[in-house]
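Colleague: Let me give you the structure first, and then I'll get to my questions.
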Amino acid sequence: MSKVYVFDHPLIQHKLTYIRDKNTGTKEFRELVDEVATLMAFEITRDMPVEEIEIETPVTVAKTKVLSGKKLAIVPILRAGIGMVDGVLKLIPAAKVGHIGLYRDPATLKPVEYYAKLPADVEERDFIIVDPMLATGGSAVEAIHSLKKRGAKNIKFMCLIAAPEGVKAIQEEHADVDIYIAALDEKLNDHGYIVPGLGDAGDRLFGTK
Ligand SMILES: O=P(O)(O)OC[C@H]1O[C@H](OP(=O)(O)OP(=O)(O)O)[C@H](O)[C@@H]1O
Ligand SMILES: O=c1cc[nH]c(=O)[nH]1
Ligand SMILES: [Mg+2]
């Protein structure tokens, strides 16, 4: 069963409050999403493998640790996932970036894939899918299928706000994928929006409404 990690760090919760606030404008919304993505990347990389090397400090020779070079890729679900990419890359600049284009049909709420481009060495990489919202879970489940179909084996899913329905959908379809969220909200409304949520993440990031 997928594990669910809720990052309830005070800095993340504080910034999330202003992300949720309807009076927060596009510029500030984008900056805050970027900052929270960096803070979440710090937590999500806690289990990254390290190896010991020997270096010389100005004082002596020391055995010390560096990342062991595990290959990573970040995959935003277009469009809204784009808002989280730079924040993650600040901490993991060597990661490659793939893209999965999905939109949720407003009538059926089903995801429609319109684009997919991943790094060539898919099978050698660990993947972090990023998207601010996990609502019905349709988009996340489809994006994970899309990555697995192309050879990805080790996948994590990271989002800002999740509804219980979305968490359940990933757990039922992809029990091997752990879920990392900043807040677990109450429910979905009749239009499939997360309550209390933050509204439409893509529109708020890109100013399209
Ligand atoms: O869990 P689900 O019910 O599938 O909903 C979540 C999806 O909805 C939003 O994307 P949207 O379809 O609004 O596309 P956009 O990013 O282009 O705005 C969001 O960014 C997720 O990808
Ligand atoms: O609340 C929601 C649900 C899906 N997509 C969004 O952007 N917001
Ligand atoms: Mg949207």
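The backbone N, Cα and C atoms fix where each Cβ goes, glycine too.
Because the structure is a prediction, the values reported are computed rather than measured.
Pasting the relevant annotations from TrEMBL:
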DOMAIN    6-208  domain 'Phosphoribosyltransferase'
BINDING   Arg79, Arg104, Asp131, Pro132, Met133, Leu134, Ala135, Thr136, Gly137, Gly138, Ser139, Asp200  5-phospho-alpha-D-ribose 1-diphosphate binding site
BINDING   Ile194, Gly199, Asp200, Ala201  uracil binding site
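Looking at the shown structure, what environment does each listed feature sit in?
Modeller: In this structure, Met133 (5-phospho-alpha-D-ribose 1-diphosphate binding site) is part of a beta strand by DSSP. Met133 (5-phospho-alpha-D-ribose 1-diphosphate binding site): 25 other CB atoms within 10 A of its CB, across all protein chains.
Counting only same-chain residues six or more apart in sequence, the Cβ atoms lying under 8 angstroms from the Cβ of Asp200 (uracil binding site) belong to Tyr193, Lys209.
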Colleague: Please list the binding-site residues from Arg79, Asp131, Ala135, Gly137, Ser139 whose Cβ falls under 6 Å of any atom in ligand 2.
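Modeller: Only Ala135 meet the Cβ criterion.
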Colleague: Around Arg79 (5-phospho-alpha-D-ribose 1-diphosphate binding site), how many other C-beta atoms are within 10 angstroms of its C-beta?
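Modeller: So the number of other Cβ atoms within 10 Å of Arg79 (5-phospho-alpha-D-ribose 1-diphosphate binding site) is 18.
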Colleague: Are there residues of the same chain, six or more positions away from Ala135 (5-phospho-alpha-D-ribose 1-diphosphate binding site), whose CB falls under 8 angstroms from its CB, and which are they?
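Modeller: Long-range Cβ contacts: Arg104, Ala163, Glu165, Gly166, Leu188, Gly192, Tyr193, Ile194.
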Colleague: Filter the candidate list Ser139, Ile194, Gly199 of binding-site residues, keeping only entries whose CB is under 6 Å from an atom of ligand 1.
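Modeller: The binding-site residues passing the 6 Å Cβ test are Ser139.
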